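Visitor: Please find one structure pasted underneath; my questions will follow.
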Amino acid sequence: MTSPGNANFPVVGMIGGGQLARMAHQAGIPLGVRFKLLADTPQDSAAQVVSDVVLGDYRDLDTLRRFAAGCDVVTFDHEHVPTEHLRALEADGIAVRPGPDALVNAQDKGVMRARLDAIGVPCPRHRIVADPADVTAFANEGSGYPVVLKTVRGGYDGKGVWVVDDEQQAQAPFLAGVPVLAEEKVDFVRELAANVVRSPSGQAVAYPVVESVQENGVCAEVTAPAPDLDPALSDEAQQLALRIAGDLGITGHLAVELFQTRDGRILVNELAMRPHNSGHWSQDGAVTSQFENHLRAVLDLPLGDPRPRAKWTVMVNVLGGDYPDMYHAFLHCMARDPGLKIHMYGKDVKPGRKVGHVNVFGDDLDDVRERARHAAAYLRGTITE
């Protein structure tokens, strides 16, 4: 009996079975990287395509230890694994990338803000608040209400975030009994994202800075590179993201979500230490995708070229809508636009849920944007022609 041709190739353990894990697995196939997945259910997006799947709770240390056995490195498609469990895995000799000292800055917004302050990164005015009266005090220390309130842990896609106009509205975030971070409401012209990748050896690469459009707290559209962005500000954003990655000791992909303010500054909004929605365009629009480079980084392989393949790439998320059969919508979309790239996640369709995305690239931004928006809208069922 012969051994598989990739028997000597490393095993990457991915905690989390969502679409990010699914797309990372797809990026690892050409590299011959073996993939092991910890998922909640067999129906999880990545569990549908990965052959080596362990079902279990990532919050249980014994489950994590059983899963990590035989893995050369463990990484994540979300930031929710308890920090103390990751330290225990490291104590067992497991390579965890990014490590817990870095990842805690993506898990806890209070820790992140304190750390970014310490290294001189520009952020919105902020502090931890104790109760609604403290929110009013915070507002009065600046320009008043409205104020942005965030739970320090667990929020994503607009969840765990409130924009409040007075003390009465500020009561809701405190009902869960978890710490709350108050931030000034930034007067921004648009949201940007700087995506970088860093290896344990210290090699780092930066993707073009992109413009990200949010709808109801969820990323709807990304344009790479960000249109009409001053080259000096673009370089500042890339260098800022690279500095954060180095100072925090991050291994793998880092997405730095940014506000571009009306007075020409950039402020850090959030950090994500994994492949990110603002980098999905790179699957088809860059020489090396964020998913492949994340795998290269956690395995300490030389990083790939992050440069764009075309002048413009637009990514539009496909959200769950009223279309009963998205597969048959492919007939229209693919016939209308042979250059369109569709990426579906294998998830049940629910209203507003991310179930896929489309990428279109080319030289004419208006044309590329219209094609991507049309395809996503048709797949969702909001247009029928």
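From the backbone N, Cα and C atoms, a Cβ is placed for every residue, glycine too.
Just so you know, TrEMBL annotations are computer predictions that nobody has curated.
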Visitor: Starting from the ATP binding annotation in TrEMBL that includes Lys150, Glu183, Glu184, Lys185, Val186, Glu191, Asn269, Glu270, which of Lys109, Lys311, Lys341 is the extra site residue?
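Guide: As annotated by TrEMBL, Lys150, Glu183, Glu184, Lys185, Val186, Glu191, Asn269, Glu270 share the ATP site with Lys109, chosen from Lys109, Lys311, Lys341.
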Visitor: Other than its own, how many Cβ atoms are within 10 Å of the Cβ belonging to Lys185 (ATP binding site)?
Guide: 18
Visitor: Tell me the Cβ contacts of Glu270 (ATP binding site) under 8 Å, same chain only and six or more apart in sequence, or just say none.
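Guide: In sequence order, Lys109, Val256, Glu257 meet the Cβ cut-off.
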Visitor: Around Glu191 (ATP binding site), how many other C-beta atoms are within 10 angstroms of its C-beta?
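Guide: Around Glu191 (ATP binding site), other Cβ atoms within 10 Å: 20.
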Visitor: Using DSSP and three states only, what is Lys109 (ATP binding site)?
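Guide: SS state of Lys109 (ATP binding site) = helix.
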Visitor: Taking the Cβ of Glu183 (ATP binding site) as the centre, how many other Cβ atoms fall within a 10 Å radius?
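Guide: There are 21 such Cβ atoms around Glu183 (ATP binding site).
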